[in-house]
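Only one structure is covered here, and it is reproduced in the block below.
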Amino acid sequence: MLKSSRLGAYAFLAPSLLCLALIIGYPLVSAVSASLYRWNLMSGLHRWHGIGNYISILTDPATGQVAVVTVIYTVLSVVLELALGFGLALLIRQGLARKLMGFPLMRAILCLPVVIAPLIWAFYFRSIYSPQFGFFNIVLGWLGLSAVPWVNSPALALYSLVIADVWQWTPFMFAVILAGLLTLPGDVTEAARVDGASFRQILWRIELPLLQPVLLVAVLLRLIDALKNIDLFIVITQGGPGTSTEILNFYAFSTSFQDFQVGRGAALALIVFVIIMVLVMLLLASMRRFSRAESKA
Amino acid sequence: MKLRLLYIVAILSCLIAVLPPLWAFYVSLVVHRPSGGGLGFDNYAEVFSQQAFWGSLWHSFATAMSATVVSVLLGSMAAYGMTRFGRGFNRLALVILAIRMIPSIVLVIPFYLLFRNLGLLDTISGLAVIYLTFSLPFAIWMIRGFFAAIPLDIDEAARIDGASSWTVLWKVIMPIATPAILTTAVLIFCFCWNEFLFALVLTDQNALTFLPLLMRFVPPQGPLYGQIFAGSTIYFIVPIIAIALIRKQLEGSFTAGSVK
């Protein structure tokens with residue numbers, strides 16, 4: 001019985017597993033093999049290079065700059081999203097808890113940016129940042145201030161992209177944290193309040209520790225997504241000015257499809273892959289711990 | 001917190017959230033006529049008159065729809081296999097979740113090289129197959145959660161009446177899970193609808209979807225924002241309507257999925 005039921009399970013799983021093995025397994029193997037060649041699609045050069053691509057990436061002085069840009073972009077975006085998302089979630093929860101008019105609707109409106117295609121969002125911000133007719137510089141003009149070269153200065157461009165990322169994805173953090181807050185056991189906080197705990201004490205001592213697993217999962221999800229972001233870079237800066245916004249993912253893309261060095265590009269893409277898979281392992285581990293804690297409760 | 005302050009901050013946040021799309025909507029309405037500027041629907045008329053716009057909308061829709069249907073069907077079967085035969089398949093479920101997170105960049109290079117050899121570049125079916133790399137794992141993961149919540153007694157009752165597992169899945173479980181599966185389908189459709197990198201690299205003319213089409217509205221002297229935003233406004237209304245339809249369901253599943 002057990003054996004036949006196991007067979008039954010695999011009969012239903014087989015189509016999906018077969019499909020995934022083909023469309024995930026094949027490209028991964030093929031990417032590894034491509035990364036071992038000096039391979040240029042324009043010149044037709046295709047020669048065995050061993051781990052030469054990896055060595056040249058690791059020894060290239062430009063790589064350090066790419067790493068710094070990638071870390072600044074992802075960490076800064078996610079930290080800001082966490083802080084703002086948390087604040088917004090507390091705010092909207094206040095309104096929802098008091099059953100104030102309009103708050104359910106505002107909760108929905110705040111989530112709107114997440115639904116818009118990141119590429120379209122990138123065009124929004126390219127336009128908002130444009131030097132003469134962009135929204136920001138028009139507003140600065142009204143206020144009598146001088147225009148700011150949002151994405152045209154190497155010092156500012158990366159931070160302008162962080163703003164665009166934060167603007168779109170804070171709502172994601174907000175939605176997840178609010179959902180977490182709303183499902184916290186009300187009786188515990190109520191008991192603390194009766195005992196005279198202040199709002200701040202309840203937040204730091206009770207709610208934050210209870211929310212910690214949700215926050216960890218949300219932060220890891222956003223880190224993974226921020227590392228994968230490419231639309232902003234393709235549309236707004238193309239890695240420039242100079243190399244000031246050359247994030248690793250975009251670097252892999254431009255090496256492969258603008259310089260047509262697919263061997264080196266594949267090596268870079270595999271580095272992105274490994275970094276993301278490490279984060280995914282952390283994510284899965286924290287989710288498991290989380291579900292175990294939940295089943296105990 | 002004071003009631004008034006609460007409202008002010010909340011409303012201000014909402015305004016900030018919708019500012020970029022509102023700005024874009026405004027830009028899409030600005031017209032430059034020889035007789036002088038103003039607001040009007042000229043950009044919309046211009047975009048609507050282009051064959052490529054309607055073609056790309058169809059390509060986006062056809063690709064997203066095919067990927068959605070295939071992933072929901074295969075995903076339901078896999079989810080049934082994972083929840084109905086005694087074993088938990090917890091580890092497999094985590095592997096499937098990990099697959100969903102694989103960055104597109106590492107897949108797009110091999111697919112580009114493969115499709116170039118197979119002549120599958122610039123086809124809707126080729127692009128739809130690639131969308132399965134993220135939509136199928138997502139479907140399995142989501143539907144597995146929904147199926148696990150359906151009591152096994154229901155299957156057993158049907159089994160006693162002589163139904164095979166195949167019949168139980170399609171005639172008993174699927175109808176019960178329809179709202180949840182529709183939610184999953186809408187989300188998958190939106191992911192595919194908003195996907196850019198694969199579409200940019202793998203389509204060109206015959207299967208060009210809407211988002212890579214936008215890149216062609218960027219001549220060297222700068223993007224044609226009016227037309228880009230006129231098209232985008234039409235484009236993003238689709239996911240907004242879709243999500244609005246399943247909003248109640250989504251908020252519910254958010255709650256069910258997080259801490260008790």
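Along the chain as shown, residues are numbered 1 onward.
Every residue gets a Cβ built from N, Cα and C, even glycine.
Annotated in TrEMBL:
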type	residues	note
TRANSMEM	A:66-92	transmembrane segment
DOMAIN	A:67-283	domain 'ABC transmembrane type-1'
TRANSMEM	A:104-125	transmembrane segment
TRANSMEM	A:131-151	transmembrane segment
TRANSMEM	A:158-182	transmembrane segment
TRANSMEM	A:202-221	transmembrane segment
TRANSMEM	A:233-253	transmembrane segment
TRANSMEM	A:265-285	transmembrane segment
- line: When counting C-beta pairs under 8 angstroms to the transmembrane segment (A:202-221), the leading stretch of A:104-125, A:233-253, A:265-285 is A:265-285
Statement: Best-packed against the transmembrane segment (A:66-92), counting Cβ pairs under 8 Å over A:158-182, A:233-253, A:265-285, is stretch A:158-182
Long-range environment of the transmembrane segment (A:233-253) - Cβ separation under 8 angstroms, sequence gap at least 6: 62, 65-67, 69-70, 73, 119, 122-123, 125-126, 129, 151-155, 157-158, 160-161, 164, 227, 265, 268-269, 271-272, 275
Statement: Other same-chain positions with a Cβ less than 8 Å from the transmembrane segment (A:265-285) and lying at least 6 residues past its termini are 28, 31-32, 34-35, 53-54, 57, 217, 220-221, 223-224, 227-228, 248-249, 251-253, 255-257, 259
Task: Take the transmembrane segment (A:158-182) and find every residue of the same chain, 6 or more past its ends, with a Cβ under 8 Å from one of its Cβ atoms.
output: 69, 72-73, 76-77, 80-82, 84-86, 88-90, 92-93, 96, 107, 110-114, 116, 118, 121-122, 125, 129, 150-151, 207, 211, 214-215, 217-218, 222, 225-226, 229, 232-233, 236-237, 244-245
